[in-house]
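Pulled from TrEMBL, these are the features on record:
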TRANSMEM  B:45-65  transmembrane segment
TRANSMEM  B:77-96  transmembrane segment
TRANSMEM  B:116-135  transmembrane segment
TRANSMEM  B:156-176  transmembrane segment
TRANSMEM  B:188-210  transmembrane segment
TRANSMEM  B:222-242  transmembrane segment
TRANSMEM  B:254-278  transmembrane segment
DOMAIN    B:331-449  domain 'RGS'
REGION    B:483-540  region 'Disordered'
COMPBIAS  B:489-498  compositional bias 'Polar residues'
COMPBIAS  B:508-521  compositional bias 'Polar residues'
REGION    B:552-612  region 'Disordered'
Amino acid sequence: MGCIFSREAADQGDIRDTIQAREIDKRIAQQSTAEKKVQKLLLLGAGESGKSTIFKQIKVLFQTGFDDSEKKNYTSVVHANAYQSIKILLDGLQEFSESEQEKYTLLPENKAIGEKLTEIGNRTQQPPLTEELAQQIEALWKDPAIQASYLRANELQLPDCASHFLNDIHRLAQPDYVPSKEDVLYARVRTMGIVETEFSPVGETKKRGELYRLFDVGGQRNERRKWIHLFDGVTAVIFCAALSEYDQTLFEDESSNRMIETKELFEWVLKEPTFEKTSFLLFLNKFDIFEQKINKVPLNTCEWFKDYKPLTSGQAEVENAYGYVKTKFEELYNESTPPDQRLDRVFKVYKTTALDENLIKRTFRLVDEVLVRQRLMDAKML
Amino acid sequence: MAMADRLRLLLQAAPVLSSSGSFSSSSSSSTACYKEGGCISDYVAVALTALVSLMIFGGSVLLVLRRTVPEIKAKQVPLLLIQSIGSIVWLTSLLMTRNMFKLSHRNSFWESCYLWQLWLEGPFGFGLLISCHIARAFRLYYVFVGRRLPPIRSTFLVPLLLVLWILLSTALQAVQPFRSINECSARWYIWVVIGSMHLFYALVLILCTWAIRNIRFEFNEFTELVTGVSICLIFLVLWIIMNIVKQLAAGGGRLLGVVARFVLVFLGNVIVSCLFWIPVTRPLLAHMLHHPVLGAGRSNLNYDHSMGEALGVPNSGLLVPPAAHISLDEPLESLLQHKRFRLSFLSFAESRIAGETVHFWDEVRELSKLSLTQQDRRVYMADHIIQKYIVNGSQCEINISAQMRLEILSTNDLADPNLFKRAAEEAVHMMQTNLLKEYWQSSYFQELKNQIEMDMEYSAQLERMNIRDIPLRVIRNRDYELPTDNPFERSQASSVPSSGPLDPQGVNLGSRTNGNSTSKSLDFKNIPPWESKAHESQSAYGNRLSKIRVNMDGSASSQSRHLSNRNRLGYLISQRSPSPPHHITPGLDSYSDDENNNKAKDPNIITRPASR
């Protein structure tokens, strides 16, 4: 580099070059430390919005996945979900039969089974699912009263995995049953406290990318008090909102609508001062259930969506309704964010079904791009 | 002096039988001081009031600082605070309405008799004072006699109770009974009305106290209420007598008037002091006397004990069966019965910010230890659990469904042994599904295993040295019961050994693992220093110290390791071999060295994040 200069100038040039070289080295070092810095991601959302399912998907997609012994650990959870589901439906019968006696009464041959399963569902240590029990559960599940109760499941606190497990109860009762990956994702456990994991999304060239530290939390009201421990230095908040919950009530307060609760929670999280520069990624989750529900239960049963007018029906209607909900959330974002802040932080909405591995993988690719871009923008600004 | 003339004229015109009395043209010193205040007795009265008010204020501050102590919490601190405000207001109004001050701006609002006599002395002074007691009696009645939760919170009940008096004051204000805005003189029937209001409230208090007469209260609320009521009554009777005497001796009444108002203020101070201090003296003193320096810093003897301890729940379940008999394949519920396991599991849960469920389960367990005959204690404990864990927005609210919460809150029997059964089962279920698997892989479990192994090793060494009886340790472990005559079992079942018999540091160390110490501290509030670096050196398995982190990518490999560890411990436990495992060197010296290291790095009490 210093060939063309004169000797004296060459010395100076050398010095200049060394300084320049040092500057470049320093900037490279800064960049690589910035790259090695762990990005903090939070999974927030109301109860049963799909946060823990996303957390499990991360394990499946970017970590070692679930091996057989871990899957076996979920057997008791799956069985417990099955028992709980049928018990909740039976309790629902009690409630509903007060108004409409005939429709919600079990067939005489199923009454004894009903009592037995209610009692089992109440225990902490539940018996293993035998073939006999599976038959009885199946008999109940096929009972017209239970099916009628299932149609009003939105008034009960029935987990979304109920039909998946109850339809398949014989498979679950096999003596050598090991939950499939799907079963593990469907299994419902109410998260308590804070769980953490680290992962690195694998890039296109199979090179490991950014290092993310992901935190999963409980969504019920008492759990939200614990979120405050996590609010510092967050790169991005993945806010999960279940699309299908617009006609359901809260687990912890049966007088509040779930969608309204999600709306208020989203507002609260957006206005949190520590999140001024945090990216917000809204996962509008449970799209599969939403698809099924939208044609049966109109969207305007929810207070927030009351000025929605269905235009068509079928698949076009689904897209229409989804577009409307997305617009409502975007409006909410704009209301809760002062205009000058809207430039600072990124807000993206994604349509997700947390159970769908490929969809989540693609979504995370997009998320990764967004976050990398954001981080480089921040780095340049620094 | 022009004002005095004006007043004289006014008062001469009216056949008044009030505290201002009749006038004579001669302004003797007693007249002057009687009319305008400034007698020596007045100064004394003011000083006394100021002193009493300050003491009450100081007492309130102390109460607020110590409001988590169960004995003080049972007195309902918010009510006590309202009561102290009412007391101070009442005392001041007693002063202001008796013409004790030589006031220059007699027409200002702040010296208005309406303000002081009608409002501040009535509803917001005496009324507030008595209403607090009525509210307390009401709550006690509901909880202990009715065994249900009261429909209204006590602090909301107080304004309701005052409504009646406020209505009366409004009515009187409209009638304008006082001659002038600054002279507290009115017709005698106005005074009768006001006096009867005082009496009415006192009567309501008597009724409420009488309703709870049969309950035996743990924290002496009934005796205190009775004392308060009787003092009130005595005061009121004396007040009436005083007023009557004053009216009767109207002629030579000046000196009597001065004396009367001093006695009134004095009595007011006495009653207020008694009402405030009688309930809180004992618990506050008991609490403060145990601190080496009053309130300054935290001592090793931790007096923030739990409700269970305050109610005398027996602190058993630790040593019987001894730690060596823990089989790790038991279901979680029976594992949690062992104190060491419970403490270790609790620390793990708190590192995952999920500790409230374990605390709840533990307090329900303590409740179940209270026998069914001790109904009042059960009610206290149940009420405490509900206020702390169940009520919406409570400090340690647990994650249960709305239905379960409603069931508990709308119960008809707070002493029901099955009140929290379903919630406790749900808590166990949540602990099993959320925490248990990661607990086995955590450093907390490693530490527990190490402790158990060290215990076994130590007791094996003692056996080899033929040391059978360790009476000093028995002295320290007050709750220890000698299960058998087998010296091996006995020594094994005792605490982690410490360097000296009555070394206070040793006490602390002992309290780390089994919680027994000379102080009656509740163990699970002392976080054992699992987080300290000391145990890293001791841990023979060399696990990574990640407290919150659940490394899912590493779990597959550590799973097999953890299984073999469990089996290993099972082997150790079942064999109970006296020969030491290879990694712990024999000999007492090296052992006590390790243990000294441990002590040296033992941090002081760590404050927990936010589960309070």
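Placement of Cβ uses the backbone N, Cα and C atoms for every residue, glycine included.
Where the annotation comes from TrEMBL, it is an automatic prediction and has not been curated.
Not measured: the values here are computed from a predicted model.
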Of the listed stretches B:45-65, B:77-96, B:116-135, B:188-210, B:254-278, the one with the highest count of C-beta pairs below 8 angstroms to the transmembrane segment (B:222-242) is B:254-278
Which residues of the chain, 6 or more past the ends of the transmembrane segment (B:45-65), have a CB below 8 A from one of its CBs?
72, 77, 80-81, 84, 87-88, 91-92, 94-95, 100, 261-262, 265-266, 268-269, 272-273, 276-277, 280, 284, 288, 295
The domain 'RGS' (B:331-449) resolves under DSSP into 83 helix, 0 strand, 36 coil
Taking every residue in the domain 'RGS' (B:331-449), what is their average pLDDT?
88
Contact set, same chain, for the transmembrane segment (B:156-176): CB under 8 Å, 6 or more residues outside the stretch:
79, 82, 114, 118-119, 122-124, 127-128, 131-132, 134-135, 138-139, 190, 193-194, 197, 201
